[in-house]
């Protein structure tokens, strides 16, 4: 599922990762990128329950930190072999000795703290609680590995910036930019020449964008805390606009709207916490953002709309709505096009569906094999390029 990385500020796809693995192995570093394989393990009598968010992090290669532990067996002590489970419904009571609710096994590890260290203290709990030794997926952790040189992304996330195709010297807007992976990728594709405006309405997330831009030494990025729905300047004529938002209409060459969405394509994920009301709340928000994007885009400019979800309502239906609402928009060919075509059901023609790009994990063959049995290069590449998060991309041209 880890499907793309950035070296010296430039993102690369799975093909690069495969050959980069061979390069690292040739240096004797023993590192491996991007491949997950199911494993069968014996479960231990000592059990630890963690929250769903912590469980998802473990599936991506993290260890279990003490703050994420909800329950531990009564006699758990430092050095014990333990089996770790994720509470997928959020019903485990903190400090419980046993938990019989819905849980998913996520691997085995070694306790770095005892039960009393975790639950019998008035001090804030810090540090590693369980060192994972046998996670169910062999996904290596990249925490603090070559910071400033490598930025990890899922494959579809890296594809988005290439589809936008920003050019040096252009003015580009990333409307919902945090934490800045696509923002920094856009800037690096522009050779750090031009202007990349990153906007997000949550202040601490904007600081994350600034941190990532600084880490990758990208100077053309400007990050602002602002609600992108209100990003069009509505002041009377004659007033000088500021450097930041709101912006004058038709003032950007390219716009990326990686929209807030239900996130139902995100993986790993062991449960969907959304209610039906929450699930249906995203479509109106996305349409408001699309309307703003069309106003801010120059005639002849490019708008890319993307989500990390798989619902028809947030993807193809939004494309159909945008084409009907804004006659100035037309769908464009995407390069590269490594995903599938759009899903029928929203009233789009077959030609229009072929212009869309959908990454759908449900259509992916599941590889349940031992890593040592995959010897051929084509097998490795097939595994890496077949297993992604769920994602959707549409590319529009604003006609003059």
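Positions of Cβ are set from backbone N, Cα and C atoms, glycine also.
Annotations in TrEMBL come from automatic prediction, not curation.
The active site, nucleophile feature in TrEMBL is assigned to 308. Look at TrEMBL and you will find 176, 177, 178, 179, 180, 181, 182, 200, 258 tagged as S-adenosyl-L-methionine binding site. The domain 'SAM-dependent MTase RsmB/NOP-type' feature in TrEMBL is assigned to 75-399. Look at TrEMBL and you will find 15-37 tagged as transmembrane segment.
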Cβ-centroid neighbours of S-adenosyl-L-methionine site 176, 177, 178, 179, 180, 181, 182, 200, 258, 8 Å, sequence order: 174, 183, 198, 205, 209
Cα distance (Å, whole number) from residue 258 (S-adenosyl-L-methionine binding site) to the residue listed as 'active site, nucleophile': 8
Rounded mean pLDDT for the residues that make up the domain 'SAM-dependent MTase RsmB/NOP-type' (75-399): 89
